[in-house]
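Down below is the structure, laid out as structure tokens.
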Amino acid sequence: MTLSSAGGSRSHRHNGGHSERDVEIRILKDKVRSLTKEKISLQKELEYYKNEITKLLSPPYIEAVVLEVIDDNRVVVKSSTGPNLIVNVAAGVDARSLKPGAIVALNNRGSTIVDVLPGRYDPLVKAMEVEERPKVFFKDVGGLEEQIREIYEAVVLPIKNPHLFRELGIDPPKGVLLHGPPGTGKTLLAKAVAGETEATFIRVVGSELVNKFIGEGARLVREIFRLAREKAPSILFIDEIDAIASKRVDIGTSGDREVQRTMLQLLAELDGFDPLDNVKVIAATNRLDLIDPAVLRPGRFDRIIEVPLPSLRGRLEILGIHTRKAKMAPDVDLEAIAKLTEGFSGADLKAVVVEAGYNAIRRGSRVITMDDMIKAVEKVKAALDKRGGGDPFIRAQQKSGDDTIATVI
């Protein structure tokens, strides 16, 4: 073997060794990178479980409501355990968020505010009907020209043109009370007001505010008015207000006293806001004679509007509204139908049009005829007979309508 060939062999082995070591180094580096990533992931997971253990072992906080802010470091709160407390404010809590009514968390000893909790509403309040922008306007309400004028002046005008009242130096009504028989359009009027003012429509039924627990009804009233202010401009419509605003009696059960507390909270809320605010209260009842006089005094529900059963002209307008989109045969005489329906409410007239549509469907037709309308009037009137019972006024109106139907037939 020559010297040159021996040197070449050693050089080849030396280069081959370098190549193998380079591969091993690359593999080891890849393993290091992989293990480093795994270590970071495991560290994050460890921190997560440490935090979870800390949460599980940490004592619970006490919920409280701020009553008064004394200074940046001391606040009066009402704790969920009962008593009012003067507590300190932890360093990390923003003092600007501590306002009367704010919900806060106290430490387990109840001596320090450690956090300000987000505001919330009772589930009953959130479940109430809230319609952001109702698609109902005054043109959709028939036979109530005088009532529309009164409610426009009392509610719509102060919201749209408050400067008129400021210039005159007068206050518009804070609340409007609608009263009249069922189905005459009280809720429809309230929705039309919300539609005309582009306001949020909040509908509350009085019976929902009657609660068996002491203080619950009053708390619900406070939360409803708070929701109305946050959604302003808003129309707060309280239906069946007689459930919480009936006349007070000296002798009553604990349930009666709770209803009275709810009514007093309602009066306090009405007394507490500016008449020119963008929150207007409209209430409705079928029994004005049951309402407590304190509710009706000036400064509260001081505009009382009767919504009666529609007149002949009103019934004709209502029928025109409900048949606006219906396919009617040329022989349908709405004026004759209006004469047949004396004593009918707006809801009854809508039921007549719907029932006439069903009559047409049963015949296999797609057009409503006069005969369909007359049969529908008879069916709705029969239902009114059962519903009217022994009321002599309703019976007299129905008898008059029966005589008219007999004449037409």
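Sequential numbering from 1, following the chain as shown.
Glycine is no exception: its Cβ is also placed from the backbone N, Cα and C atoms.
Here the structure is a predicted model, which means the values were calculated and not measured.
According to its DSSP assignment, His322 (ATP binding site) is helical. According to Swiss-Prot, the feature ATP binding site maps to Gly183, Thr184, Gly185, Lys186, Thr187, Leu188, His322, an assignment based on sequence analysis.
The coiled coil feature in Swiss-Prot is assigned to 23-58; the stated evidence is sequence analysis.
The region 'Disordered' annotation in Swiss-Prot covers 1-22.
If you compare every pair of Cα atoms in Gly183, Thr184, Gly185, Lys186, Thr187, Leu188, His322, the residues listed for ATP, the longest distance is 17 angstrom. Note: His322 (ATP binding site) has non-local neighbours Leu349, Lys350, Val353, i.e. same-chain residues 6+ apart with C-beta under 8 A of its own C-beta. Mean model confidence of the coiled coil (23-58) amounts to 86 (pLDDT, 0 to 100 scale).
Using a 10 Å Cβ-Cβ cutoff, Lys186 (ATP binding site) registers 26 neighbours. In terms of local Cβ density within 10 Å, Thr184 ranks first among the binding-site residues Thr184, Thr187.
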